[in-house]
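Now, the feature entries from Swiss-Prot:
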ACT_SITE  35  active site, proton acceptor
ACT_SITE  253  active site, proton acceptor
BINDING   131, 301  substrate binding site
MOD_RES   35  N6-(pyridoxal phosphate)lysine
């Protein structure tokens, strides 16, 4: 018998969420961001699920892009981080990938000779995130250098917002971007999920929804359900033991939770080795049969404990929803643990059995 824990990945929900993204900006060409193994949802199956739309599938590594090409995917693929050396740049050209150019050292690779095939490039502009990208004063020269190459097609100008999900918003960064592009006149790619949903000025020729595709909210003050998004990942595990406590009894490592009254505690077959956050505190929500419950005690490597006192019918073998259904969102758990839904999705461990629905 396999360990009683499972993750259900809903491809129909991802398609629905992609359509929600498209509805925000119907005239834009919508990237579907599948970096980090499609935020833990499996990049090959997500790419296949979205293949009915003419979209761009950003990937962080050329090896994964190669896998998609070998699987027959012919849509444009953008390497979000760009290439890491000349050899990868040559492979990107052979695979017909789109590559961001973000720093001067990448031009040194081009100086080594012509590429084996024409390469589509986007110029990345650093407008204030201070991660990757040319400074605004460097961008015109970089663009001119690329446009002078016979083996390069400069397809657009892109940037990334640091605070699209809150204050101070995108105005300052977008102003820097537009000032540069006023002279370049390139197609623009600036909107992530948060910008796409809240900042109409960011809806340009290209948009790139990421976290919203997987049914989590990019905002702290608005839930995924309020945004019309459906959860694409549901994590569940079974109760494998029950303990009856008296007042004063402690639960788990460090005895961090002490019962203040008689209680029933359920032991659940999920722990931090499965990707559940060890820092999730007592009170973190879960559900049993649609009824709300909460964690007590410290999350262990393979197990966690929940309060069954108000659920006398619950016992061994009952399924616990840890996130993604029954009123418990991944954002609820992330907030309780002091992190974000992105991290929980990406941290789901390989040992957790996956079940794919909605294909």
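Glycine too: its Cβ is placed from the backbone N, Cα and C atoms.
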Cβ atoms near residue 35 (active site, proton acceptor) (within 10 Å, other residues, all chains): 19
Nearest-integer angstrom distance between the alpha carbons (Cα) of residue 131 (substrate binding site) and residue 35 (active site, proton acceptor): 17
Listed in sequence order, residues with CB under 8 A of residue 301 (substrate binding site) and six or more positions away: 271, 272, 273
CB contacts for residue 131 (substrate binding site) [other CB atoms within 10 A, all chains]: 11
Residue 253 (active site, proton acceptor) and residue 35 (active site, proton acceptor), distance between Cα atoms, whole Å: 35
